[in-house]
């Protein structure tokens, strides 16, 4: 006789979980929308050929304030969602998720603050932008790895855990390609596509996780 799958655990605070899930969903959708609105206002901008943060340079991008606002919103909502999810689903990796989400938030705030032409950038602190991108991308994908077993505790979707882990691993692998772009990737893919590959994995993970957590919260309410 085959083994029977254990049922998903019930969240301790379903309403808190629902709010956390909504934060992740809103952040993912909001980011994509604000990025698009920024990009369409910049003639010649290419999603595949240009860096995302190029959209945040006011001297070049007429709607730079939108993408920089998207970085701030992602920072606040991703961390808030992680805090609420960890409060509702107690597990081995809940605290790790929060720590990584906090690092991701710091990274997004740095990216949205230290843009080309900003006071910090022009005074020799452009390295803070590089640090911010590192924290935001690597931290976000690592948060997907840590968060997947947390979310999996309250969802009956058995496919979710391996899928969530694969998303995080894919993001980290693509980020490694970005960090070594001139040596590994320049002949195979344009830089904008590679960068978005490791940023969008985070958004895909938080959207997928948010939807499943919404269902779990509704079932446990």
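Count begins at 1; order follows the chain as displayed.
Heads up, the Cβ atoms here are built off N, Cα and C, so glycines get one too.
Over in TrEMBL, the protein carries these features:
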TRANSMEM  21-45  transmembrane segment
TRANSMEM  65-86  transmembrane segment
TRANSMEM  93-115  transmembrane segment
TRANSMEM  127-147  transmembrane segment
TRANSMEM  159-179  transmembrane segment
TRANSMEM  199-219  transmembrane segment
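Among the stretches 65-86, 159-179, 199-219, the one making the largest number of Cβ pairs under 8 Å with the transmembrane segment (93-115) is 65-86. Between the transmembrane segment (159-179) and the listed ranges 21-45, 65-86, 127-147, 199-219, the one holding the most Cβ pairs under 8 Å is 127-147. Residues 53, 71, 78, 82, 85, 93, 96-97, 100-101, 103-104, 106-111, 113-115, 120-121, 164-165, 167-169, 171-172, 175, 178, 198-199, 201-202, 205-206, 209 of the same chain sit 6 or more residues outside the transmembrane segment (127-147) yet have a Cβ under 8 Å from a Cβ within it.
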